[in-house]
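Here is what TrEMBL says about this protein:
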type     : residues : note
DOMAIN   : 11-65    : domain 'HTH cro/C1-type'
TRANSMEM : 98-117   : transmembrane segment
TRANSMEM : 123-141  : transmembrane segment
TRANSMEM : 153-175  : transmembrane segment
TRANSMEM : 190-209  : transmembrane segment
Amino acid sequence: MVEPLELGRFISTCRKEKNLTQKQLGEELGVTDRAVSKWENGKSFPDISLIEPLCQILDISVGEFMLGKRIEPEHYQEETEKAWIASLDEPLLYKIQMIIYILGIAAVAVLQVPLFSHGPMCVNIICWAVWGALFFAAYYLDKKIPERKLRYSNPWIEGVFSVIYFLCYMLWFFLRKDEWGTLPMSEQMSLWAIIVVGLIVGVCVRVFLARKKRRSAV
């Protein structure tokens, strides 16, 4: 969202282009000229119910209003998309980051079918197509959504998804290691100890890096 003062200047410019006084604009919108003056000086923001009629009077689009500037028709979609992305708040950015992680996990899971199964060719082709779509969606969101350092700075999200990724890998490992059950109990316990320690270290590293990124992102 544009800064109030910048938006106020834009409203003032558009009003003058229409040869309207603050009082005339206020009368058309059902507000006082003092309210219009506050908008133009960046001291207040028009009520959301007034945005559409205000845009109609000033002959601008809602997208131009939100950006506080005129937009060339060929750049309208690009500029409004940038405005929408810039308006994302911190909780929503974290939710998007979780979606990116989930898409990545789903892509890895789907990839197991064509790589390790002996199913029909059509099933493998479908799985490859789904994998490509999931991978592209995750990559696109990660590159397109701003504040990448901030998105990777939530210790809880990074810690939880580290555990999930690790468990997915271990599930894949155990399903394909038939000799695991033939190992002596002592060796199995040793391997479990190594796995648990590795998990703890991995989570701690991710959490530490997340906290470090958060300090530098703030």
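If you go along the chain as it appears here, the first residue is 1 and each next one adds 1.
Each Cβ is built from the backbone N, Cα and C atoms, and glycine gets one as well.
Through the fold, the transmembrane segment (190-209) approaches residues 152, 155, 158-159, 162-163, 166, 170, 183 of its own chain, all at least 6 residues removed from its boundaries and within a Cβ separation under 8 Å. Counting residue by residue with DSSP, the domain 'HTH cro/C1-type' (11-65) contains 38 helix, 0 strand, 17 coil.
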